[in-house]
Amino acid sequence: MTTIKTSNLGFPRLGRKREWKKAIESYWAKKISKEELDQTLTDLHKENLLLQKYYHLDSIPVGDFSLYDHILDTSLLFNIIPERFQGRTIDDDLLFDIARGNKDHVASALIKWFNTNYHYIVPEWDNVEPKVSRNVLLDRFKYAQSLNVNAHPVIVGPITFVKLSKGGHQTFEEKVKTLLPLYKEVFESLIDAGAEYIQVDEPILVTDDSESYENITREAYDYFEKAGVAKKLVIQTYFERAHLKFLSSLPVGGLGLDFVHDNGYNLKQIEAGDFDKSKTLYAGIIDGRNVWASDIEAKKVLIDKLLAHTNELVIQPSSSLLHVPVSLDDETLDTSVGEGLSFATEKLDELDALRRLFNQNDSVKYDKLKARYERFQNQSFKNLDYDFESVRTSRQSPFAQRIEQQQKRLNLPDLPTTTIGSFPQSREVRKYRADWKNKRITDEAYETFLKNEIARWIKIQEDIGLDVLVHGEFERNDMVEFFGEKLQGFLVTKFGWVQSYGSRAVKPPIIYGDVKWTAPLTVDETVYAQSLTDKPVKGMLTGPVTILNWSFERVDLPRKVVQDQIALAINEEVLALEAAGIKVIQVDEPALREGLPLRSEYHEQYLKDAVLSFKLATSSVRDETQIHTHMCYSQFGQIIHAIHDLDADVISIETSRSHGDLIKDFEDINYDLGIGLGVYDIHSPRIPTKEEITTAINRSLQQIDRSLFWVNPDCGLKTRKEEEVKDALTVLVNAVKAKRQE
């Protein structure tokens, strides 16, 4: 009888209660020493390794743990240091400065990791001298060995690493070839240290362009074969289907495939005989991106099918578990929903149950998980009927007519200024919210505090001279979780944190049932803020596409249906704000681009559904009500027409870290709606100069009609300190005032 093995691609860094985040931010704030930071993170890494060992994984990843981002780790490993940061010792402080910027230099670009909500730091190739310079991977592998952990090193592969990079005069192929001797050196050091195999992540090979990379991919892995290391390499792909026949022809020891998010194609390729049985198959059968418990019986059937076409089978999650929370152990959830959930730790338990069943004929754990899954499935979460047809999906008049009415009503100046929505969540804000949630203070005391904070920041905005104000979102812990707490059909966890970028953690709500608006969500705070000023105050909402993409979605209904349910709920809130006298309403869609499928054959339908959902949420307002939206930076070229089709009166886009790249996306489209391209980077504590903001404005006006252009920061200001915000916004307003005089 063929036995199976179990493995993992990566584990969450945050810790069960965000110990990782707290330690790093304490170090940045100079509250702990570097030695204390190192000890805390070493202890957390040890805890992660031993936890995975407890679930009897045959091999446990190292190299997934990082102080910020694994792509940035790889950049430092190979001395791919941005030119402005060169000449310094390559250490953790340099790593943090590249990621966050400092008073002298801007940070490197931050971009979504494929179609997830994780962000990586983009490697920069301008005037670099690649070499192996900081082999932290080897250190961490040796540390795992010291714990008697059977570990395998993890590194992003050369094809993916270079493709996710920017800058430099070399071609894509030349950059890959430059790195091959360096990868070889790293591989040899790991093999010499005892690595049985090395996990080489090449998710770029599941994208549309993967065929265009096949020649250089073959050349790269042929190089590793000639160097005598290829058989120790396992190429891992995830998030979509791969071209299996090509991958099987590469001279490596094993291949990892995603059998969850591949729409069934990878299994079809296996059954068609496209897999080279001399290799080990690493089968991603447990969903690494969602929190629902596996249909364990269906996974058994899948394993049986795979065993018929393989000689060596390793089962694993479909991707790194970085994208899900650590554990359910600390949650106190309603059993009706809780039984259907599985976080990172529970997913390891599912792997262990299958290993025991196949290798030891031990079905105790398997039977328990099977019964639990069946109990959850026997419940009904489809209880509501929806009348989608009765809601408008287009505005009453074209933009050219609407903008005249809006300008007459708002009376805004040339180059109007605004912010994206949130202001700093100080320790005091967080304490009051926690005290209120834990019933340590009364509703009245909390409401009084919120009103005082709103009033204080309305005055700050007026004193600075902004044109369209916001209430600051002090009542919100997160732009999606807040709505998850208030809309029917969502479940909010206590410790369900996942990493978004760097130390930024989010707690995605879980959509388990039909979504419904039952009462106003934001009206009281927005109306109060508007009562304090004659300037317009924006209502601030999160859009349906983003709420869905930044939640753990239910899987018993099509995405479009769930998305439209959310859209109807947001539409109710939009109309409630309008009825309360709010003249400008922002419905943010920062996650619209990141949800774009990796394969272009699915793009058109995704974008069509996204545009319709946004219009369901926003089109019922009167012409004189101005609808804004906001998006985070990514490669917008693929969706620029869909952005236009949203028909938002104003869109603001995070652009400063793109170093002007986004402007190119507007060269091929006559964008005739209002737009604000972020003029400074809010992810960095660095205060922009007046000259930098003026340059950003001038660059934008080369492509965008001045009468349509707004000036704003990149994103919400929640994570910045109060003085940083006031100083940066003052510079922004002064730059705009000077520009108006030209």
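Including glycine, each Cβ sits where the backbone N, Cα and C put it.
Residues or ranges marked as active site, proton donor in Swiss-Prot: His683. Taking all protein chains in view, 21 other C-beta atoms sit within 10 angstroms of the C-beta of His683 (active site, proton donor). Classification of His683 (active site, proton donor) by DSSP places it in coil, neither helical nor stranded.
If you look up Swiss-Prot, you'll see Arg18, Glu19, Trp20, Lys21, Lys112, Trp550, Glu594 marked as 5-methyltetrahydropteroyltri-L-glutamate binding site, on the strength of sequence analysis. Spatially close to Trp20 (5-methyltetrahydropteroyltri-L-glutamate binding site) yet at least six residues away along the chain are Arg13, Leu14, Leu41, Leu44, Ser503, judged by Cβ distances under 8 angstroms. Trp20 (5-methyltetrahydropteroyltri-L-glutamate binding site) falls within a helix when secondary structure is assigned with DSSP.
Per Swiss-Prot, L-homocysteine binding site is recorded for Ile420, Gly421, Ser422, Glu473, Asp588. Under 8 Å, Cβ to Cβ, and six or more positions away along its own chain, Asp588 (L-homocysteine binding site) finds Ile420, Gly421, Met479, Met540, Leu541, Thr542, Gly543, Thr546, Thr629, His630, Met631. Reduced to three states, the DSSP call for Asp588 (L-homocysteine binding site) is strand.
Cβ contacts within 10 Å of Ser422 (L-homocysteine binding site), excluding its own Cβ and spanning all protein chains shown: 22. Residues annotated as L-methionine binding site in Swiss-Prot, with sequence analysis given as evidence: Ile420, Gly421, Ser422, Glu473, Asp588.
What Swiss-Prot lists as Zn(2+) binding site is His630, Cys632, Glu654, Cys715, and the listing cites sequence analysis.
Separation of the C-alpha atoms of Lys112 (5-methyltetrahydropteroyltri-L-glutamate binding site) and Cys715 (Zn(2+) binding site): 15 Å, rounded to the nearest whole number.
Taken residue by residue with DSSP, Glu594 (5-methyltetrahydropteroyltri-L-glutamate binding site) is part of neither helix nor strand, so it is coil. Proximity to Ser422 (L-homocysteine binding site), judged by a C-alpha distance within 10 Å, picks out Cys715 from the binding-site residues Trp550, Cys632, Cys715. Within 10 Å of the C-beta atom of His630 (Zn(2+) binding site) sit 28 other C-beta atoms, taking all shown protein chains into account. Over all protein chains present, the Cβ of Glu654 (Zn(2+) binding site) has 25 other Cβ atoms lying within 10 Å. Our reading of the L-methionine binding annotation (Ile420, Gly421, Ser422, Glu473, Asp588) yields a largest Cα to Cα distance of 13 angstrom.
Mapped onto three states, the DSSP output places Gly421 (L-homocysteine binding site) in coil. Listed in sequence order, the residues of the same chain lying 6 or more apart from Arg18 (5-methyltetrahydropteroyltri-L-glutamate binding site) and placing their CB within less than 8 Å of its CB are Trp497, Ala505.
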